[in-house]
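The domain 'Major facilitator superfamily (MFS) profile' annotation in TrEMBL covers 19-459. The transmembrane segment annotation in TrEMBL covers 12-32, 67-88, 126-147, 159-178, 190-211, 312-334, 341-363, 369-393, 405-429, 435-455.
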Amino acid sequence: KQKCLQPSFSPPLTLVLMVASAAIGGTLQYGYNLAIMNAPTAFIQAFINETFLERWDIQLEGYQVTLVWTIIVSIFSLGGFAGALIAGPMTISFGRKKCLLLNNVFLMSGSLFALTSRAAKSFEMIIISRVLIGINAGISMNVQPMYFGECAPKHLRGAISLSSAVFTAFGVVLGQVVGLREILGSESCWQYLLACNAIPGFIQLLTLPWFPESPRYLLIDRGDKEACMDALRRLRGCEVQSSELDEILQEQAETRGVRPSRPWELFTDRSVRWQLISVIIISSAMQLCGNDSIYFYSSYVFKEAGISDDQIQYFTIGTGTCEFTACIMCNLLVERKGRRFMLTGGFLLMTIWAVVFTVALHYVSWMPYLSVACVFTYILSFGMGPAGVTGVLPTEIFNQATRPAAYMIAGSMMWLNLFIVGMIFPFLVVSLLEYCFVPFGAVCLSSALYIGLFLPETKGKSLSAITREFNKLNFKGQDKLSESQTETQYQLGEVGLSTAF
């Protein structure tokens, strides 16, 4: 192996392939399953009505069909919530890589239920399928950024972790394209549309076993130094740098003898108070801003904006393409501009476009196309920061003992808020009319203010340095001696670990 003399901003091939393998069966599934429910709306609603008529000779009212359909769409979020809750214990017991592989059990089961639902004449099987695939997405959204963040070198940590958002956006575009009437979005093919997410799962099962486990998990959780060194060599494409190994060893020393935290224990741990507040606020804002709900009901949004039925499916593809493009741009910029800049900028731009959208709906006579433009720019702004950076934060601001629990809390907040917004979004559009984006704009503005005022920058910093910055908030008002002693302990730990190898 060649020796790495200085950081390279071109990631090694093994790391790139590992990212692709994990993401294609991971967060890509989240984006795909957000997007595919638009195309078959009318067909599945007709299927629900036919099922009731055949079984019980009952003709459902329009609102009853809509209620069942809303449950099918939104139950995905409750599955994701369940997945977020079990993701932490799974990563501790099985490791990051094996957890992603085992996660395909939920995906394959859900795809099988979706595929056979039509032949079985059971809309309940679609609901079960959505729950199982939601569990798969909930686990992926927690485990994949953690896996990437622990495998990436410090100078590429943000960009590598942010690739989760890139694949989510790609999944959205893929779902929208596959859902076209000319492909699988027709009356005869909707069951295949719901089930073909098994294909990326099969690709992951065939490829991911060839890549290494997270080096941090191997050393800190399993105490296997040789496996950690081997994983680092493979992921870096060269010999291990002593500074990187020292950082992992320091984290091991700080968490030695400490069992992994449970989620509820973080709420009483003063040393992670502001980290937890930050994760809860930003993870909630990611859904309360309304962006992902647009994917659930994009056809509905564009119809309300005055777009003709024939054109809606093509406008819908534009929403996913906007986020995909923005996520790639964010991936290129995050290591140059930093996390706080991208998050604050994204939320501020979303606030501006929410205001413009409201004005367009209220005053402009040619509002359909201006309104659509505002939706696109809103999604672009979301992709430029909140879409990806939100998933990076728990890896960077929590240590190995608290990280799984932090991801469980972050994921739970994200999925619960997605469910709530997904359920109320159509009613919000109907009741608030041209002011429907005002609540979302308020959430974006509040989030931008919080991030700008309280969130420290984490770009290129070690966990110890980030912890010291948060301790200024966590222990504000305590005597200077305590803070000085804590800093001295970190410095002594760094010196000791540097000489240990």
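For all residues, glycine too, the Cβ spot is worked out from N, Cα and C.
The model shown is predicted, which means the values in this text are computed figures rather than measured ones.
Beyond its flanks by at least six residues, the transmembrane segment (341-363) meets 282, 285, 289, 291, 330, 333-334, 370-371, 374-375, 377-378, 380-387, 389-390, 433-435, 437-438, 440-441, 444-445, 447-448, 451-452, 455, 457 of its own chain at Cβ-Cβ distances under 8 Å. The stretches the transmembrane segment (405-429) and the transmembrane segment (12-32) do not meet in space: the count of Cβ pairs below 8 angstroms, excluding pairs fewer than 6 apart in sequence, stays at fewer than three. Model confidence over the domain 'Major facilitator superfamily (MFS) profile' (19-459) stands at 87, taken as the mean pLDDT rounded to a whole number. Between the transmembrane segment (12-32) and the listed ranges 126-147, 159-178, 435-455, the one holding the most Cβ pairs under 8 Å is 159-178.
Below 8 angstroms of C-beta separation, residues 11, 15, 19, 23-24, 26-36, 38-39, 141, 144-145, 148-149, 151-152, 184-185, 193, 196, 295, 313, 316-317, 319-321, 323-324, 326-328, 330-332, 334-335, 383, 387-389, 391-392, 395 of the same chain, each at least six residues beyond the ends of the transmembrane segment (159-178), sit close to that stretch. Outside the transmembrane segment (126-147), and at least 6 residues removed from its termini, the chain residues within Cβ reach (under 8 Å) are 22-23, 25-27, 29-30, 33, 44, 71-73, 75-88, 90-91, 96-97, 99-100, 103-104, 106-107, 109-111, 113-114, 117, 161, 164, 194, 197, 214, 391-392, 394-395, 403-404, 407-408, 410-411, 414-415.
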